[in-house]
Amino acid sequence: MAEAAAGEAGASERDPDAGRARRRLRVLSGHLLGRPQEAPSTNECKARRAASAAGASPAATPAAPESGTIPKKRQEVMKWNGWGYNDSKFLLNKKGQVELTGKRYPLSGLVLPTLRDWIQNTLGVSLEHKTTSKTSINPSEAPPSIVNEDFLQELKEARISYSQEADDRVFRAHGHCLHEIFLLREGMFERIPDIVVWPTCHDDVVKIVNLACKYNLCIIPIGGGTSVSYGLMCPADETRTIISLDTSQMNRILWVDENNLTAHVEAGITGQDLERQLKESGYCTGHEPDSLEFSTVGGWISTRASGMKKNIYGNIEDLVVHMKMVTPRGVIEKSSQGPRMSTGPDIHHFIMGSEGTLGVITEATIKIRPTPEYQKYGSVAFPNFEQGVACLREIAKQRCAPASIRLMDNQQFQFGHALKPQVSSIFTSFLDGLKKFYITKFKGFDPNQISVATLLFEGDREKVLQHEKQVYDIAAKFGGLAAGEDNGQRGYLLTYVIAYIRDLGLEYYVIGESFETSAPWDRVIDLCRNVKERIRRECKERGVQFAPLSTCRVTQTYDAGACIYFYFAFNYRGISDPLTVFEHTEAAAREEILANGGSLSHHHGVGKIRKQWLKESISDVGFGMLKSVKEYVDPSNIFGNRNLL
């Protein structure tokens, strides 16, 4: 098995001359095909490892040079028991008002004067009662690291950086599901990785997989760590050594091909680093999931991710031209970077959505576009959610959707309004009041029924303005009123700070989560209504004293349907086992989604949290096909995170 996994890189190690000949042929063929020359990865890996080990004693763990957003010691920059950066959090200031700390976001340092009242009134929260939680990881509470000494010795000889420290291992034992974060604050996981390894390139990954096969170890890959499907949780009964293979140091753009508008990147690069570096050359991918700051290209591929601007740029399956994955059987990749092939079932679709069960994605070629010259925000207020959905359906039918369009139901609109920062200008405050008066009094909109769509247009300026008029004309036919560019822009600026709200809630006995689905257009309204009602009913039956927050928004539109996001939260004071209540309610909501014609997931993936419904979602035969692929590619279950199957 280990020999099979070695692939071309392993053969090169055994026969250096043959390896050099193969690399020369590959480079030569690349020239003949007009493709960008790829630097010989093996030599580059050796150079990086040599640099990382300079000054280190042979017995020491090599300390590789770092770059990119995510350092090896993630806990130095990011929260170990919550979302995002250490310096950014919502808190109550000395005046009892909510503000966001730090300087990273447009909302940072600003006061949100109405959010406190909204939290109290909506969820029955008493701000005099705070929860207690651990302030740091206690190494003595972490399960001990058990690692084969022969494996460690070979890892050192390969000069691959690693750690067995408790804080490094705990940080990579989880994603960001409510259960995981709650457990971090209150206790400890039953099982965590035994060792964290940091490959710096494709060939390092090949060596790690070879060693795992040789010693029968379990590998769980991790990119940005933003999973919301229990995808990173270690199986409690796994007796083998668990390796957390952290791709964060594989974070380079290897080349940009301006003729074919593609970029070849390492899979550990984060979305924000990728977009920032491409922008320096005048390009972008346009792929912007809400987790853009921390999620990685490899993570996008392995979960079949979607970005908010998919209407222009496509989902991840539309963006990927080529990819490389290391498996226990060897390396999977196509021989051509052609834009489309008719060569049987597309092997890319075995890799996309595989969620770390087959191997490690190491590199990918993705489409890029010139950075748009013009960008404009907008918003539309509708009398109710139903008319808003009808408008979005018509926009999709006419295929004129802007880069992004999101429709909030009334409760989410109210929540968004509560996140509005304090206005310093009397004139601005007066204008806001005038707009509200016009919509509610003059136009007769009920404040408790209003639904709002936020819009983002981008591209050529003249075309954007034409496109904008077309969308607003359609909206008017469904009772929609233009609600201003500022409201639209604020809606999108909140994208990257919403996740921080949950951490504030946890301090005051509020637990919550978001989940998503996709559904045909004719099921959207019924599905939204029934799922929200099911959440309220389940909470009441399970002893939740205050009505839960149960809200939704339509976030993506397609010819044949839409993606819907749900948010729910409740005050758990007085409940002895809040996690059980929460998980039963979330499972009931998923059952309701499936009963109403929704999908198991649109882009979060299956992981372990939704795997119980996978067989009924894809049929017995489809499930058997997935199992057969797994059994062939990974017969010893080296990639043993137990997602999907």
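Quick reminder: no glycine exception, Cβ is built from N, Cα and C everywhere.
Feature annotation from Swiss-Prot assigns region 'Disordered' to 1-72.
Feature annotation from Swiss-Prot assigns compositional bias 'Basic and acidic residues' to 11-20.
Sequence annotations record features per position, and here Swiss-Prot assigns phosphoserine to S52 (among others) based on a large-scale study or a structure entry.
Annotation source Swiss-Prot lists phosphoserine at S57 (among others).
The phosphothreonine annotation in Swiss-Prot covers T61 and is backed by similarity to another entry.
A simple way to gauge crowding: the CB of K89 (N6-acetyllysine) has 19 other CB atoms within 10 angstroms, across all the protein chains here. According to Swiss-Prot, the N6-acetyllysine annotation covers K89 (among others).
Marked as domain 'FAD-binding PCMH-type' by Swiss-Prot on the basis of sequence analysis: 189-371.
According to its DSSP assignment, S295 (FAD binding site) is coil. Cβ neighbour count for S295 (FAD binding site) (all protein chains, 10 Å cutoff from its Cβ): 22. The FAD binding site annotation in Swiss-Prot covers 221-227, 290-296, 303-306, 355-361.
Among the features that Swiss-Prot reports, N6-acetyllysine is placed at K334 (among others), with the record citing similarity to another entry. In three-state terms derived from DSSP, K334 (N6-acetyllysine) belongs to neither a helical nor a strand segment and is classed as coil.
Marked as site 'Important for enzyme activity' by Swiss-Prot: R406. There are 24 other CB atoms within 10 A of the CB of R406 (site 'Important for enzyme activity'), with all protein chains counted.
Taking Cβ-Cβ distances under 8 Å and a sequence separation of 6 or more, the neighbours of R502 (substrate binding site) in its chain are G82, W83, L178, I181, G512, E513, A569. The substrate binding site annotation in Swiss-Prot covers R502.
For Y565, the entry in Swiss-Prot reads active site, proton donor/acceptor. DSSP assigns Y565 (active site, proton donor/acceptor) to a strand segment in the three-state reduction.
Remote same-chain partners of the region 'Important for enzyme activity' (641-645), defined as residues 6 or more beyond its termini with a Cβ less than 8 Å from a stretch Cβ, comprise 220, 229, 231-235, 354-357, 605-608, 611, 614, 623, 626-627, 630. Per Swiss-Prot, region 'Important for enzyme activity' is recorded for 641-645, and the stated evidence type is similarity to another entry.
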DSSP-derived structure type at K89 (N6-acetyllysine), helix or strand or else coil:
coil
Report the DSSP secondary-structure composition of the region 'Important for enzyme activity' (641-645) as helix, strand and coil residue counts.
0 helix, 0 strand, 5 coil
Neighbour tally for K334 (N6-acetyllysine), based on other Cβ positions within 10 Å of its Cβ:
16
Between T357 (FAD binding site) and K334 (N6-acetyllysine), find the distance joining the two CA atoms and give it rounded to the nearest Å.
20
For each of the binding-site residues (P221, G225), count the other CB atoms lying within 10 A of its CB, then report the residue with the highest count.
P221
Compare the Cα of Y565 (active site, proton donor/acceptor) against each of the binding-site residues P221, S295, I361 and report the nearest.
S295
Just to verify a number: CA distance, K334 (N6-acetyllysine) to A305 (FAD binding site), in angstrom, no decimals.
21
